[in-house]
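Below is one structure, written out as structure tokens, with a few remarks after it.
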Amino acid sequence: MNKKMFFNKFQEELVFVVVFFILIVAMIFKMPKLEYIDFKLIFILFDLMIIVYIFEKSRVLESIAMKVLNNSKNLRQLIFSLIILSFFISMLLTNDVALFLIIPLTLIVEIELKKNLIFPVVLITIAANLGSSVTPFGNPQNLFLFLFYNFNIINFLKITLPLGIISFVLLSATLIFIEKKEFKREFPAVHFTSKSKVIYFSILFFILILSIFGLINYILITIILLISVLMFERKALFKIDYFLLLTFVFIFLIVGNISSSVYIKELFDKFITSSNRVYFLSIFSSQIISNVPAAILISHFTDNAKELILGVNIGGIGTLISSLASLISYKLYTKKKNKIEKKVYLKLFIYWNALFLLVLTLFFYKIKFLSIVF
């Protein structure tokens, strides 16, 4: 591996590198324990990565997306279709997957129109982050909190569904800023391959969801998936983002070390004295350290699961690092853009994310929507 390839890999896995060095520093003061690691979460994320790869390779998601886009009569409908796809795909297959699918499609539309679609891309990114907040498996922080607090699906949706509904209404309202320019381009139909394989792994995906709900042992579904992959799709094992899985392992070890400190525990106990403080702390900390580490850290010091879930999901919008999905979107879209276009993207991203963050934060705090739901 030459220096350029090493530097590029270093940039791609910057979060992993930073977390690794933080762990090394933490180990100087105290050796972490294996019991700090949530192995159920790691196994389920591993399983999700395999299934998502199968779906991506079969092009089933791309096929659905093209059918939706071809029903659009003008630019506003087209952008709304992209937002809807991003919002709902993220609920089922995570915000990262939604953006890896939708951003390239948006770039194709951009080429056809011969104009920048920076504003729609920002909205698509917000849609992926907020759409993923609805389900336990839409993003890593939800999956962790769902398992950590032993939620059942009904009680979890009572917290997240109102956020999803309000978010969708806000996203729909932004369409008034998109012109109704006629768009006649017919996208080529995409036919997904290996239908029997897609059906088989869809069944396994359903079983995986049951394991998330605690109805089936998660180790059993992992074993079934591994056997299935070895039989039908061995390449999937080489497509897993092992750096991401290791990042989660390191975060668990770091947080375990921090939360075991008597001084830190006393500090958090003194500060987190109300549900409102949990809510605002989770939103604020997400802007600085990203919402996944914020969720894992704060969960060790509070029983206010409702406020924490809302806080880290609302906190997923805001800065570019508040959600790793936002960084993915930025890299995908600006990869071949010039400096001016990158600056415009960042300005629009900050403005619209700040606006959504402010509205949602105040709505769920000031109107006391939580008390109405519960």
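Positions of Cβ are set from backbone N, Cα and C atoms, glycine also.
Residues annotated as domain 'Citrate transporter-like' in TrEMBL: 17-299.
What TrEMBL lists as transmembrane segment is 14-29 (among others). Through the fold, the transmembrane segment (14-29) approaches residues 243-244, 246-247, 250-251, 253-254, 257-258, 290, 324 of its own chain, all at least 6 residues removed from its boundaries and within a Cβ separation under 8 Å.
The feature transmembrane segment is assigned by TrEMBL to 36-55 (among others). Note on the transmembrane segment (36-55): residues 61, 93-94, 97, 137, 140, 143-144, 147-148, 197-198, 201, 204-205, 208, 211-212, 218-219, 221-222, 225, 229, 233, 236-237, 239-241, 244-245, 248-249, 252-253, 255-257 of its chain, located 6 or more positions outside it, place their CB under 8 angstroms from a CB of the stretch.
Look at TrEMBL and you will find 75-105 (among others) tagged as transmembrane segment.
What TrEMBL records for 117-139 (among others) is transmembrane segment.
Look at TrEMBL and you will find 159-178 (among others) tagged as transmembrane segment. Sequence-distant contacts of the transmembrane segment (159-178) (same chain, six or more residues past either end, CB-CB distance under 8 Å): 75-76, 79-80, 83, 87, 91, 119-120, 123, 126-127, 130-131, 133-135, 142, 305-306, 309-310, 313-314, 352, 356, 359-360, 363-364, 369-370, 373.
TrEMBL lists 198-230 (among others) with the feature transmembrane segment.
Positions annotated as transmembrane segment by TrEMBL: 242-264 (among others).
Tertiary neighbourhood of the transmembrane segment (276-302): same-chain residues 15, 139-141, 144-145, 148-149, 248, 251-252, 255, 258-259, 265, 268-269, 308, 310-316, 318-319, 321-324, 357, 361, 364-365, selected by CB-CB distance under 8 Å and a gap of 6+ residues from either end. Annotation comment: TrEMBL describes 276-302 (among others) as transmembrane segment.
Sequence-remote contacts of a segment are chain residues at least 6 beyond its ends whose Cβ falls under 8 Å from one of its Cβ atoms, and for the transmembrane segment (308-332) they are 15, 95-96, 99-100, 103-104, 121, 124-126, 128-130, 132-133, 139, 141-142, 145, 156, 159-160, 163, 278-288, 290-292, 294-295, 298-299, 302, 345-346, 349-350, 353-354, 356-357, 360-361, 364, 370. Here TrEMBL flags 308-332 (among others) as transmembrane segment.
What TrEMBL lists as transmembrane segment is 344-365 (among others).
Between the transmembrane segment (344-365) and the transmembrane segment (117-139), three or more CB pairs separated by 6 or more residues in sequence fall under 8 Å, so the two stretches touch. With a threshold of 8 Å between CB atoms, the same-chain residues lying at least 6 positions outside the transmembrane segment (242-264) that come near it are 13, 15-16, 19-20, 22-23, 26-27, 29-30, 32-33, 35-38, 41-42, 45-46, 140, 292-293, 296-297, 300-301.
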